[in-house]
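J.: The structure is given below, and queries will be raised subsequently.
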Amino acid sequence: AVGTLVPTTVRYCTSASLVYRTCFRSVSFDELYYGQFVSLYVKRLFFIDDSGPPLGHMVLALGAYLGGFDGNFVWNRIGAEYSSNVPVFSLRAIPALAGAFCVPLGYQVMVELGCSHLTALGAALLLLLENALITQSRFMLLESSLIFFLLLAVVSYLRFRNNSGVSCWGWLVLSGVSCACAVGVKYMGLFTHLLLLSLAAVHTWRLIGDRTLGNMTVAVQVFARCLALVVLPVLLYLAFFFIHLNLLYRSGPHDQMMSSAFQASLEGGLSRITQGQPLEVAYGSQVTLRSVSSQPVPCWLHSHKANYPIRYENGRGSSHQQQVTCYPFKDVNNWWIVKDPGRQDLAVSSPPRTVKHGDIVQLLHGMTSRFLNTHDVAAPMSPHSQEVSGYIDFNVSMPAQNLWKVDIVNRESDRAVWKTIVSEVRLVHVNTSAVLKLSGQSLPEWGFRQLEVVGDKLSKGYQPSGLWNVEEHRYGRSQEQKERELELHSPTHIDVSHNLTFMAKFLELQLKMLTMRNEETEHKYSSSPLEWVTMDTNIVYWIHPSSNAQIHLIGNAVTWTLSNLGLVLFAVLFVWHLLRHQRRSLDVSKDAWRQFAEAGAVCGGGWLVNYLPFFMMEKTLFLYHYLPALTFKILLLPVVLEHLHTHILRSPSQRRVLEGTVLAALAAVYLCYRALSPVTYGQPELNSTQLASLRWRESWDILLRRH
């Protein structure tokens, strides 16, 4: 999309060839990933994506909405041809526009940093001819939108700082809005936001030291900056989630990762099951108990007609009593009856006697009539914890220990009533003070690979693995086992609403997104941050099913090399100026030094904050993660060249040599762009020999089809 501004590429954009049509209407690389979320937005189905906040997905979904997409497409294969109901142009239009606007924004960044218009034009040309940015902005992906908002935030703040008057405050507000949008697209936007906050802090500190300004003026200036750059982005971030949660009001594929209360707030799914449940748990209630922790998977307290083995593989003995586990699927064996230890009744009385915080209860397994029990026997997989069992009396001097105290953690008072879905309960064993807890360990084959439940004496503080909430609930009416089994299979009743506030849903969803850990996997095109700087890797985005036509994420090798040299040269010059300044040898004026340092803070700092964090991330990484950092590094190169030309090189002959070198470098950038265009746009189709000639590095994966 960035490259479509180059006149010489018009023939690629207007070509009516079969190759182009196939490429344009085929799923490419991560479109497979983002397309699924777009379909879920269109259908209003709830989902979780731990890769970032929802704004980026909503922007893509906006394109789908404007194009009239109905969400009906199976996103299951890269290269699959889009059906006629998928508005491909509309889906890709917003990322393309964002990528195109990055070019004038890069130009404006240079101007606001005090560079000449000629230097700004050079920076814009480098962005315009960067093959990786072109490729990324041509598809339904997020990086072009992220870069757009990052550059807009920087331009807006610099415009605010460089201007005065009422209009400049609009630029400050726009900077805050852009920062919020960048963070809303991907979490990486936060680091550029922090960079701008650091620059704003330095400028504000200078403002405070200006004795020509009155105290009230300074206070207003500081307050306005905090409001625009801190408060406004936070409010907008919340607004993104508010829109997200209001759009996705139906039960979706990721419901079970959320709490029971969250699930019950969605239309369909759990809300259909729990609609009409009694709110207050009473003696005689039939309940399913869900672990508040969703790690490693959501599961329910469970038992079945199978006992612990007499001896485990390591030789340790067990009680040989009935197994109690946590089962990750809904099942009739997940039902338990809350019993009053002082009575034999297993049905709810009229009126119901509610269970309150601090009450002592017994939990009877509905289908096997075994009481939930724990004792001083080591758990099978966690020997430092107690075994939890369904008690069986084998007459071996092992009495029942089946009394549990109800500890409502999120209670509002000391006599709070145990409530369906909303109450988070810790079940504390009366005899041993152990807490009923999900250990997270999987049992062996004899335990059907279900999750281990233990009694933990060391459990203290708020631990989700030791908390449970009632998810499904009915008032029991039957005393006889046969009648009770039939009752356990019947639907629940009585109308009760379980509504969560927006902030409760936001906090739960945000915590889940930040703590959710997808298993790190090796991908054919995954790479490490060290490989990005020298572009030792590439990504195949699309391959024609029957020809050599293909699209790769490969950057302009000349631009990447020059930007690396520019970064090194900036560091050398910066250290050199610092040393000369320390020696009181002022080679450049104070204004020139400040301009150079500030440009380095914006462009060099932008590269650092968008690159270094990836070294600390435990996730599968790809070359496209480097594109925001690359953009700032490219902008640093013209800054260094202008500084050399204006302040370092003294003689006209030296400057002419530099000017000639720059022109030669720009020509090389253009020639490299032209050479890589076939794998940037997917056309024209090259033969195997021509493709092989583009493999400039052994590590590049250029696919050749032999005819």
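The backbone N, Cα and C atoms fix where each Cβ goes, and this holds for glycine too.
TrEMBL entries are annotated by machine, without manual review.
Dumping what TrEMBL says about this protein:
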- 55-75: transmembrane segment (TRANSMEM)
- 87-110: transmembrane segment (TRANSMEM)
- 141-160: transmembrane segment (TRANSMEM)
- 172-202: transmembrane segment (TRANSMEM)
- 222-249: transmembrane segment (TRANSMEM)
- 278-341: domain 'MIR' (DOMAIN)
- 352-409: domain 'MIR' (DOMAIN)
- 413-473: domain 'MIR' (DOMAIN)
- 557-579: transmembrane segment (TRANSMEM)
- 599-617: transmembrane segment (TRANSMEM)
- 623-645: transmembrane segment (TRANSMEM)
J.: Counting a contact as 3 or more Cβ pairs under 8 Å, with residues at least 6 apart in sequence, do the transmembrane segment (87-110) and the transmembrane segment (557-579) touch?
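T.: The answer is no, given that the two segments have fewer than 3 Cβ pairs within the 8 Å cut-off.
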J.: Can you tell me which of 55-75, 141-160, 172-202, 222-249, 623-645 gets the most C-beta pairs within less than 8 Å of the transmembrane segment (557-579)?
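T.: Checked against 55-75, 141-160, 172-202, 222-249, 623-645; highest Cβ contact count belongs to 623-645.
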J.: I'd like the per-state residue tally for the domain 'MIR' (413-473) from DSSP, helix first, then strand, then coil.
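T.: The composition, in the requested order, is 6 helix, 27 strand, 28 coil.
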J.: Looking only at the domain 'MIR' (352-409), how are its residues distributed among DSSP helix, strand and coil?
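T.: Tallied per class, the domain 'MIR' (352-409) gives 0 helix, 26 strand, 32 coil.
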J.: I'd like the per-state residue tally for the domain 'MIR' (278-341) from DSSP, helix first, then strand, then coil.
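T.: The counts are 3 helix, 30 strand, 31 coil.
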